[in-house]
Amino acid sequence: MEDRNHYHATMFLERQLLPGLSIMNLLSFLFCVPVQFIGGRYFYIQAYKALKHRSANMDVLIVLATSIAFTYSLIVLIVAMVEKASINPITFFDTPPMLFVFISLGRWLEQIAKSKTSEALSKLMSLQATEATVVTLSSDKSLLSEEQVDVELVQRGDVVKVVPGGKFPVDGRVIEGHSMADESLITGEAMPVTKKPGSSVIAGSINQNGSLLVSATHVGLDTTLSQIVKLVEEAQTSKAPIQQYADKISGYFVPFIVVISSLTLVAWIVIGFLDFSLVVEYFPGYDKSISRTEAVIRFAFQASITVLCIACPCSLGLATPTAVMVGTGVGAQNGILIKGGEPLEMAHKVQTVVFDKTGTITYGAPKVIQVKIVVEGNRMPRSRLLAIVGTAENNSEHPLGAAITKYCKQELSTESLGACTDFQAVPGCGIRCQVSNTETLQRQSDSDSEDNNQRNSILVQISDTRMSTSSHPLIMDPQPLSLVQTATYVVLIGNREWMSRNCLQVRPDIDEAMIEHERRGRTAVLVAVDNTLCAMIAIADTVKPEAELAVHTLLSMGLEVVLMTGDNSKTARAIAAQVGIRKVFAEVLPSHKVAKVEQLQQAGKIVAMVGDGVNDSPALAMADVGIAIGTGTDVAIEAADVVLIRNDLLDVVGSIDLSKKTVRRIRINFVFALIYNLVGIPIAAGVFLPIGLVLQPWMGSAAMALSSVSVVLSSLLLKCYTKPTAEKLEARLGNSRRPGSLSDVSVHIGMGEMRRPSPRLSLLDRIVNYSRASINSLRSDKHSLNSLVLSEPDKHSLLVGEAQCEEEFC
């Protein structure tokens, strides 16, 4: 030991150039100054900004530690030179450079790791095409010219050519060609998708084996890919609620560490003078090189600075955002777009999942299976009925309306319909409008009329003399097209309640026919023309094959599953029994869906709402977690917190599962960060010195950097997440699934105990409503639990506020 001390004392670097100034201290000072004031400039700027805004962060601790070390070293060196000391003072000039190096190295590694968390976003952005081949077609669709242009120059309606292996530069619809498209990186669907005339294509997907001509429907920032990138960017920069706790802890953390550091300094000065034997273990040769006082003060400062170095609020600050970035990125890769940290965190708390029926549990592509004409009196030609109904429903966005319109066009062999004015859609009830210019669509032959008699299951003669063929344009004998006079019809299409509110009675035989369809899970709507009930249309929708598995999986996770629909109770019960749902809210208006969700929330439930239509958007916005099917309307997608790109209900399970995995990872990160600080700070303060465990300041800074990097690496483990597949879910459920029956389903109709009578509208209100049919006809229910005022006269705003069926003046 003495040989080592003698060697240390006679080392060249320990020789004094001036009394009190050794070569070692001079070189350390010269190297430390540029690092402290030039290399550490960034840390000083950030610390100043933080203090200016009355906050404290990691940069404040770093600046404190390096500044204290540099100032202390400079002072003892000046004192030694003034006193012309023969013994070289011990300084910390080596501490600031080592701190800055290790901290910068740690942040560099942290940035590399964090860049991995946004890999999913980078992959999505790389899918965007940079150029497009725009072609010009002649009237007979032959190719006239083609031009390579920047994708930003492509306009809606342009025709784009996509060769095999090329990326689709825009969202569009195929107008010519057959091929397969790889949409896996966008939708998560591994299998190639067939593309043929009429098929939709997504920008960024890859054309595989055939040339296609695509008419652009969405370009630039409006494409599906651009919207996905935007959503992921916003999600990755948003904060989860749990992050607020981390921010609050970090706000108190720095002042707390400064206090602990100060107490450490004072404590070791006192302990050192009272029991110097503890310090002797750290300075075994103190009596030959340094004084007792200097040894105590030196150790006290070292412990104090090490506390500042090892304390790491960064690990607490990184615990949540890194996990959110990885979680949202992984979700996007699996076709689940999560709009921020809040829904990502909230989804794991969900207790009740509420499903819409049409377009969610079912495909939302219903088909007309029967048109039953029930005119009392002279005949309603089938062609005339289809022309009127098709024209009226052509303005509706509801899936049932689209199905009726499609059916009418097919039956009439036409793509053009008549004119529709004063269109009014009343959610949960039906539509009202005026239809004209339908004569050119009608079939005029007597043989057609005979066919109609065979196809219609009931034909009743009218007894009311007011409805004679001479006085009413609705009922007339077939006549040549040239003699048909232009007529305008007032059309009502909807459910029983809609007919009742418009003073129309439904005959018992018609009601029985409707009930029979409803028992089979179908929807029956009524058609009235000029205040005469003319027909019943039965529509069937197909339940999605994965719906039953998704429902049973959610039930096995301990969640309550509810079906909420505006459809009638019998249809809703039949659909619920097919998929295993035991609780149904039927005949619920869109505005009342909001109240139902709120009612569940008031009962203490965390509610997730799954829907796809405009009429679901208020409930999606009200729910704790709104989940929209990506094939739904833009309004629903905008209102939702989570968007499922694929039309697959198993992704509802996947979104909740991903949320649970992400929140679990956040908690692991927090536990690691807290344990690191709870263990590291006492070690740095010298609590374990009696057993020989002591840290140098540079060791503390290295440990601090390592803690931040380790938290980020922990978050990166989420990249290993795989979405549960149907096969895995089937195996997990095993024999626990049992087929549902109608007796298992409890049905609650309308608002139940929350229903209140709707106010009658005045005659003046009716006149105003009728003239401004698409907006002002909807009056908010004064007793609604969620009343909103409509201010924008657009088709979507009809369903945003408290929209309900109106009672007509009878």
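Keep in mind that glycine also has a Cβ here, set from the backbone N, Cα and C atoms.
Note: TrEMBL annotation is automatic and uncurated.
Residue ranges 87-109, 570-592 are listed, and TrEMBL annotates 87-109 among them as transmembrane segment. The domain 'P-type ATPase A' (129-233) scores a mean pLDDT of 86 in the predicted structure. For the transmembrane segment (20-39), the list of distant contacts is 12-14, 66, 70, 73-74, 77, 79-85, 88-89, 91, 93-94, 96-97, 100: same-chain residues at least six beyond its ends, Cβ to Cβ under 8 Å. Residues of the same chain lying 6 or more positions beyond the ends of the transmembrane segment (299-319) and with a Cβ under 8 Å from any Cβ of it are 57-58, 61-62, 64-65, 68-69, 72, 92, 95, 99, 110, 246-247, 249-250, 253-254, 257-258, 260-262, 264-269, 272, 279, 282-283, 666, 669-670, 672-674, 676-677, 680-681, 683-686, 694-701, 703-704, 707-708, 710-712, 715. By number of Cβ pairs under 8 Å, the transmembrane segment (252-279) is matched best by 670-692 from the list 60-81, 87-109, 670-692, 698-718.
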